[in-house]
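Copied over from Swiss-Prot:
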- Asp49: active site (ACT_SITE)
- Glu119: active site (ACT_SITE)
- Glu45, Asp116, Glu119: Mg(2+) binding site (BINDING)
- 4-130: domain 'RNase III' (DOMAIN)
- 154-222: domain 'DRBM' (DOMAIN)
Amino acid sequence: MKNIQILFQTLNIFPKNLVLYKQALTHSSYSNEQTPPQEDNERLEFLGDAIVGLLMADYLYSQSKEDEGIMTKKRAQAVCEKSLTIYAQKIELQNYLLLGKGEKNKDFNAKGIMADTFEALFGAIYLDLGYLTAKKVFHNIVLPHLAKTIYIIDFKTQLQEIVQSEKKTIQYKIVQEQGPAHSKNFVAEVYLEKNLLGTGEGSTKKSAEQKAAQQALSKVAKTKDLIKNKGVKEKEL
């Protein structure tokens, strides 16, 4: 096990309660081998799971105007076990982990141990140094690798990029709204000038627009021809 002070230097933090960090780095397999048993990281993992999810939700909400569905999918991918393991490896968290003899020779990445430890670490940082410090550390670790862990397709952005490459603009129009206030259904259409590119339905206006953009992209060759003014039947607004 490396000197934990090196980890603190990597994270650029100045801890007040070292006991919390030792606990965060103590796997239950190690704890059970001690006499008396030491407190393991499972409770901090529980707290850290919520903190990590909140930090990612906070970031996604502040950085975009995407609808709830897209942000939910992005958050799920960004803080899934595989992604958390990647973040843990980037700070070499495995070098500080206290593992029992039976676990040391196993692939603890595959078992989710590193992901759990990453969450426990953020539980410790939150309790010791507060939300703002946890947020700063989280951003420093996660944001450089976010593009590799999020694979959500934003159809509106894709369509917009195609249109902008031809120096054109598109317009979304909500053409239908049905249902009670608690269970609305919307129909959206996306136009290039007077040409209908796609139609979509959704429980929110933004999700309907995403579906409309997706339909336009599914006919990408025809859409590109339209954008380049090669002649496609028009529908009047």
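Placed from the backbone N, Cα and C atoms, the Cβ positions cover glycine too.
Here Glu45 (Mg(2+) binding site) is positioned 5 angstrom away from Glu119 (active site), judged by their C-alpha atoms. Break the domain 'DRBM' (154-222) down by DSSP state and the numbers are 28 helix, 24 strand, 17 coil. Neighbour counts were taken at the CB atom with a 10 A radius for the binding-site residues Glu45, Asp116; the maximum falls on Asp116. The number of other Cβ atoms within 10 Å of the Cβ belonging to Asp49 (active site), over all protein chains shown, comes to 19. A Cβ within 8 Å of the Cβ centre of Glu45, Asp116, Glu119, the residues given for Mg(2+), is found for these other residues of the same chain: Asn41, Glu42, Leu44, Phe46, Gly48, Asp49, Ala115, Thr117, Phe118, Ala120, Gly123. The average per-residue pLDDT of the prediction over the domain 'DRBM' (154-222) is 86, rounded to a whole number.
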